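**Q** This structure is in C-alpha cells; I'll ask about it shortly.
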Amino acid sequence: MKITVIGTGYVGLVSGTCLAEVGNDVLCLDLDVNKIKILEEGGIPIHEPGLQEMVRRNVAAGRLHFTTDQERAVKHGTIQFIAVGTPPDEDGSADLKYVLAAARNIGRLMTDYKVVVDKSTVPVGTADKVRAAIAEELAARGVQTPYAVVSNPEFLKEGAAVEDFMRPDRIVVGADDEQAVHLMRALYSPFQRNHERLIVTDVRSAELTKYAANAMLATRISFMNELANLAEKLGADIEMVRQGIGSDPRIGYHFLYPGCGYGGSCFPKDVKALIKTAADEAGIELQVLTAVESANNRQKHVLANKVKARLGDRLDGKHFALWGLAFKPNTDDMRDAPSRELVADLLQAGATITAYDPVAMQEAQRVFGPLPGLTYASGPNQALVGADALIIVTEWKEFRSPDFDLLKTSLKNALIFDGRNLYDPKLVRSQGFEYQPVGR
Ligand code: NAD
Ligand code: UDX
C-alpha cells in the first residue's frame, strides 16, 4: 500500500518505518528541514532502540522515503497519517494548529480518494474538525474528491517504540466508513499475530480511548506515589506493598512503580488536556484526574525536598552528582522530565550539579541552555567526584549495579537519594550508605 506519514517525529518516524518494514511504500513528510536532512543522510533525529537499523534497511530496500515536499506527500499515499505534535496550549487544552494545518494541506492538494488517519493524540471531536478543514479546502477549489477521516490513536512507549508498534496489544480504529475500515484492516493485518488485535469503534470513542488509557496509567502512578510517601512515614516498604497488590490479577503489576513523578511528552499533557476538554466541552470537573495531576506536580519535587530535609533549605556550597536526565530510560526525550524540576530546585537553593545521562545530555544542554551551576560529566563515575551526595532520577540499566566502593571513595558523604528505587535498601545500607529511596 502507498502510505504518507505527515510529521516525522517519535510517532511518525516509528510508524512509517514499521509500516515500511512489512512491505508498504512509505513517504514521511516533515516541515523541519533539519530532521529530513538527518534522515536523508542515513541518521535518525531521536534515540530509539532498534530504529536506526530498521530505517536503514527500509531505505535501502526502497520502501521508505523522506521529504519536505507537501505536494509530493499528499499525492503519494492513499492513506495519509497525521502524526504531528499536539502540544498543550496556554490553557492546557491540546493545540490543534499542526493537525489542522496538515488537514488543510491534504484538502488543498488531494486529487483522488484518501483515508486521512488521525494518529496524533487529539481531543474528542477533532476528526470532525479535520473533516471540515478538508471539505473547506476542496470547496475552495470547487472539487468533490471523496475521502474518509479515521481515528487511529497510537499507544507506543518511547524506548520500546519499535517493539510496541510491531507487536501491539491492540489497534484501535475509529471509523464510520466501510471502505476506510477495510483498508485499515488490510494495513494492520501483518501486526495481528495470533489473534485479532483490531478494535473497530466509532470515531469519538477511539479519540477518547487514547486519553482514557494514558489517564488510567497516570492515575496508577500518582496513586502509588502517594502511597509511597505514606509508607515512608508509617515505616512500611512500598516495594512489598507493590508486590502484595500487583499479585491480584484485578490490579496487575504494570505501572505500579513509585518514583519522582511521571514525565514525558504524553502523560502530563494528555491528563491536562482531558481535564480541560471535560470542563470546556461537557461542563464536567474531572476530580480524580485533577488530583492525579497535582499529586504528580508535587512528586516531581520529592527528591529536592528530601535533599533539603537532610542538608538544609539553603544548599550553598553543596555539590551533587545527578544520574539520569531523560524522563525515562532508553530515550533522549527531556519533555516534562522530572529532572527539570529537580535541577531548578537545587540550583535555586544555591547548589551546584554535575549530571550524567547515557544519551540525553545533548538534549539536556539544548533544553537547559547554559545554566550557571550545572555541568555535565563524561561518565557516571566522573560525575561523583567530590559530590556531597548522589541523586538518581532515571533508572538506566547502567546505574543498577554500580561499584559501591568506588561510590564511597568518590563521594564526600556516603549519601544516595534514589528517585527510582534501584537498590535493595538493606544491602546498600549494610555497605555503610545512607540511602533514601522513595517509600522504603
Ligand atoms: P514530535 O514533536 O516528535 O513530532 C512531530 C513532528 O511533526 C515534528 O517533527 C514537526 O516538525 C512535524 N510537523 C508539524 N507540523 C507539520 C506539518 N504540517 N507537516 C509535516 N510535519 C509537521 O511529536 P511526537 O512525540 O511524535 O507526537 C506526535 C503525536 O503523537 C502527538 O499528538 C502525541 O501526543 C502523540 N503520541 C506521542 C507518543 C510518544 O511517545 N511520543 C506516543 C503516542 C502518541
Ligand atoms: C506513554 C504511554 O505508556 C504510551 O502508551 C503512550 O502511547 C505514550 O505515553 P511514554 O510517555 O513513552 O508512554 O512512557 P511511559 O513508559 O508510559 O512512562 C511515562 C512516565 O511514567 C515516565 O516518566 C516513567 O518514569 C513514569 N512511570 C512509568 C512511573 O513513574 N512508574 C511506572 O510504574 C511507570
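Cβ coordinates are placed from backbone N, Cα and C, and glycine is handled just like the others.
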**Q** For the NAD(+) site that TrEMBL gives with ASP30, LYS35, THR86, GLU158, LYS269, ARG335, which of THR121, THR126, THR375 also belongs there?
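**A** The one candidate that TrEMBL places in that NAD(+) site: THR121.
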**Q** Look at the substrate binding annotation in TrEMBL, where PHE155, LEU156, LYS157, GLU158, LYS210, PHE255, LEU256, TYR257, PRO258, GLY259, GLY263 are given, and name the residue from LYS37, LYS75, LYS328 listed for that site too.
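**A** Site partner of PHE155, LEU156, LYS157, GLU158, LYS210, PHE255, LEU256, TYR257, PRO258, GLY259, GLY263 for substrate, according to TrEMBL: LYS328.
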**Q** Cβ distance under 8 Å to PRO258 (substrate binding site), same chain, sequence separation 6 or more: which residues?
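**A** Residues satisfying the criterion: ILE221, MET224, ASN225, LEU227, ALA228, ILE238, ARG242, ASN421, VAL438, GLY439.
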**Q** Among PHE155, LEU156, LYS157, GLU158, LYS210, PHE255, LEU256, TYR257, PRO258, GLY259, GLY263, LYS328, the annotated substrate contacts, find the widest CA pair distance and round it to a whole Å.
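**A** Largest pairwise Cα separation, rounded: 24 Å.
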**Q** Return only the integer: C-alpha distance in Å from THR121 (NAD(+) binding site) to LYS210 (substrate binding site).
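**A** Distance (Cα to Cα, whole Å): 7 Å.
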**Q** Would you mind pulling the DSSP three-state label for LYS210 (substrate binding site)?
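**A** LYS210 (substrate binding site) sits in a helix per DSSP.
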